[in-house]
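Take a look at this one; I'll ask things after.
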Amino acid sequence: CTVIFIRLATRDLHKPISILFCNLAVSDLFTSFSGFWISMLFITNPDITIFGSQDMLAPYALYTTSILSTIYNLVSIGIERYLAVAESMRTRFRVARNHSIAVVFISWVLAFFLGCLPLMGWNCLQAERSISVLYSPFCVDYLVFITMPNVVVAFLVPLFTYLRIIIILRKRKLRMQACGQATGTYKSAETQVARTSISIWLLALVSYAPFSAGVIFDATNQRCHTDLYPGVYIFRNCTAMLVTITCLGNPVLYTLKLRALGAKLKALRCLSANRVRTI
């Protein structure tokens, strides 16, 4: 919410990357909201979160949609950063605002379509054979179809884009060194990109790897719900907490530079004070 408020209030959305940052914050907000919805259902009626129910389809669908949108946003940000520093043959490809808006629209349409497939009929309310143990009434084949390709994309695409950025910056630094020019800016940019990319990878690994492991366990497990209670469901809750940590870590990694944020908040406070005095 802080990210969204700051970027809207300071009119920072004219930059393509700012649109992606703001959209990432919206995705994280939806993830937190859907996770809270599932938690309230667990508090009021724990059995439906274990054995599955019609009431769980909507919150799980929103949760899946939010996570998919977050993954697509992270991939889009990595590609945008790569295009911002990469050079084509003679000209630099510039990502325009319209490109970012189109990417945001496509990512949400794709996330909603894939996330709402259980609401369209791909669920196991009637079929007991392929029902998921961890996320009933989702089907195991649906979870595998959704999880595996998107997790691979979430790991490989940022790896490629940020490594390419580091390689490009290093080549430019070596080229400037050969010409006897200062390279402090490129060295600093290379170090910061390397630190950020490592942090992004660690956050994604900690957040999504256990969830993927749970889906693989779900696909290979043949036992019923009661045989796995409570240990497996504690693991499921821990994976949900790790996904929530991603929602908290994304603003820190991508947008919230504390000094810049403090300066913008201070500027907004002064602007509000000046308006009050004027009135």
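A Cβ is built for glycine as well, from the same backbone N, Cα and C atoms used for every other residue.
TrEMBL entries are annotated by machine, without manual review.
Sharing the feature lines straight out of TrEMBL:
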- 1-254: domain 'G-protein coupled receptors family 1 profile' (DOMAIN)
- 17-40: transmembrane segment (TRANSMEM)
- 60-79: transmembrane segment (TRANSMEM)
- 100-122: transmembrane segment (TRANSMEM)
- 142-167: transmembrane segment (TRANSMEM)
- 198-217: transmembrane segment (TRANSMEM)
- 233-256: transmembrane segment (TRANSMEM)
For the transmembrane segment (233-256), I need the partner stretch with the highest count of C-beta pairs below 8 angstroms, choosing only from 17-40, 60-79, 100-122, 142-167.
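Maximum Cβ contact count belongs to 17-40.
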Mind pulling out the one from 17-40, 100-122, 142-167, 198-217 with the most Cβ pairs under 8 angstroms to the transmembrane segment (60-79)?
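By the under-8 Å Cβ criterion, the transmembrane segment (60-79) pairs most with 17-40.
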How about long-range neighbours of the transmembrane segment (142-167): same chain, 6 or more residues beyond its ends, C-beta under 8 Å?
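The answer is 64, 68, 71, 74-75, 78-79, 81-82, 85-86, 114-115, 117-118, 122-123, 132, 135, 190, 193-194, 196-197, 200-201, 204-205, 208, 211-212, 215, 218-219.
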Please indicate, using numbers and ranges, the residues of the same chain that are 6 or more beyond the transmembrane segment (198-217) and have a C-beta under 8 Å from a C-beta there.
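Same-chain contacts beyond the ends: 74, 134, 143-144, 147-148, 151, 154-155, 158-159, 162, 232, 235-236, 238-239, 242-243, 245-246, 249-250, 253.
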Averaged over the domain 'G-protein coupled receptors family 1 profile' (1-254), what pLDDT does the prediction give?
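Within the domain 'G-protein coupled receptors family 1 profile' (1-254), the model's average pLDDT equals 79.
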